[in-house]
């Protein structure tokens with residue numbers, strides 16, 4: 001393997017081998033990949049894999065992002081005996097488990113590929129939702145066991161392979177290609193709030209969740225037959241080498257992890273709480289409350305594909321830094337000051353656009369500075385590092401909301417905006433580590 005051919009003092013070859021124009025500074029350590037590592041950068045199998053990856057993302061990350069719809073229903077009806085903080089922890093633990101096993105999931109993908117991981121994940125994830133459909137109201141431990149723990153475990157062993165396989169097929173258009181599965185995750189934030197709000201009054205909670213489970217199952221079946229990789233499996237490394245801890249020797253990688261950690265504290269708070277905030281701001285009489293999340297998620301689809309297409313040309317580190325900075329500014333300048341419905345609609349749309357590149361570009365940025373045979377493990381380790389922030393972000397937000405009043409929500413908004421700004425700072429540091437010139441494609 002290429003990584004064994006270099007010394008510990010020199011970085012292994014990465015995916016980034018394009019020639020930069022003479023007047024544009026490329027990032028440091030841009031060692032070309034070998035011919036064996038070259039990516040096809042297109043073709044039928046490549047785009048079928050993107051299709052399958054997108055369906056996996058819809059079934060896994062889309063369900064996690066769409067938890068805000070479950071959260072609203074749980075608070076008002078199904079788990080109304082419990083506090084908002086405890087209810088929000090269902091979504092947080094789901095996200096924690098999805099992320100914390102990312103390193104192991106990515107390493108297993110690097111070793112074995114997607115052949116067995118995708119169907120196994122589909123069985124566990126679908127089973128978890130079917131079990132959720134028979135959970136009882138006011139028995140929150142059942143939602144924790146099925147929706148948070150079991151679904152999170154099932155999802156993690158398909159979600160990260162579905163992202164890593166993009167780096168096996170694409171190089172120059174990696175951010176654009178990876179934008180499709182990341183954007184598909186946003187579709188869950190559109191489908192699930194509408195699905196729950198429309199179907200629960202007609203067929204009840206149990207059958208509504210079963211409909212969701214069948215959607216997830218169909219996505220996995222298609223993905224099982226479409227996701228492939230051009231790379232041969234490799235032996236599973238020793239346990240001490242299974243997780244990519246040595247990646248933290250790279251200061252750029254470490255800053256990416258720090259940027260992701262701070263940003264994830266804030267990223268999901270608007271998705272989880274904008275509907276509830278809208279109801280409080282308008283006296284609970286707004287008919288638009290279920291649709292703020294839908295608007296935000298729809299805008300995030302554009303925000304995950306459009307900027308990714310641009311980032312392949314102007315620099316992935318540049319775009320993720322500026323978009324995260326813009327997200328923090330929007331939270332502090334627009335959400336903090338908004339109570340009227342038009343303003344909240346504007347915030348939902350603009351924040352969806354600006355937050356999209358964080359999800360779409362973090363993994364391509366990691367792939368850009370990683371050896372191709374370790375892409376899965378290094379992507380996964382970023383999310384392991386971010387897992388504590390993903391777990392703590394929304395419950396901390398819930399702690400700020402001691403009562404359903406605008407002043408309490410503004411404490412949450414200040415916290416979210418500041419964390420996004422700190423995250424953008426570390427992304428900026430990573431960007432300047434890659435290229436010190438102010439104007440550079442990085």
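Including glycine, each Cβ sits where the backbone N, Cα and C put it.
Listed in TrEMBL:
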type	residues	note
REGION	1-35	region 'Disordered'
COMPBIAS	16-31	compositional bias 'Basic and acidic residues'
TRANSMEM	46-70	transmembrane segment
TRANSMEM	82-104	transmembrane segment
TRANSMEM	116-136	transmembrane segment
TRANSMEM	148-167	transmembrane segment
TRANSMEM	174-195	transmembrane segment
TRANSMEM	207-230	transmembrane segment
DOMAIN	212-442	domain 'Major facilitator superfamily (MFS) profile'
TRANSMEM	251-271	transmembrane segment
TRANSMEM	291-310	transmembrane segment
TRANSMEM	317-338	transmembrane segment
TRANSMEM	344-367	transmembrane segment
TRANSMEM	379-401	transmembrane segment
TRANSMEM	413-433	transmembrane segment
When counting Cβ pairs under 8 Å to the transmembrane segment (148-167), the leader among 82-104, 207-230, 291-310, 317-338, 413-433: 82-104
The transmembrane segment (174-195) vs the transmembrane segment (207-230): 3 or more CB pairs under 8 Å: yes
Candidates 46-70, 251-271, 379-401; stretch with most C-beta pairs under 8 Å toward the transmembrane segment (82-104): 379-401
Other parts of the chain folded back onto the transmembrane segment (413-433), taken as Cβ under 8 Å at six or more residues beyond its ends: 28, 251-252, 255-256, 258-267, 269-270, 315, 317-318, 320-322, 324-325, 327-329, 331-332, 335-336, 365, 393, 396-397, 400, 442
Annotated stretches the transmembrane segment (207-230) and the transmembrane segment (251-271) touching (3 or more Cβ pairs under 8 Å): no
Beyond the flanks of the transmembrane segment (379-401) by at least 6 residues, Cβ under 8 Å: 83-85, 87-89, 91-93, 95-96, 98-107, 160, 163-164, 243-245, 247, 253, 256-257, 260-269, 272-273, 276, 362-363, 366-367, 370, 408-409, 411-412, 415-416, 419
Model confidence over the domain 'Major facilitator superfamily (MFS) profile' (212-442), averaged pLDDT: 87
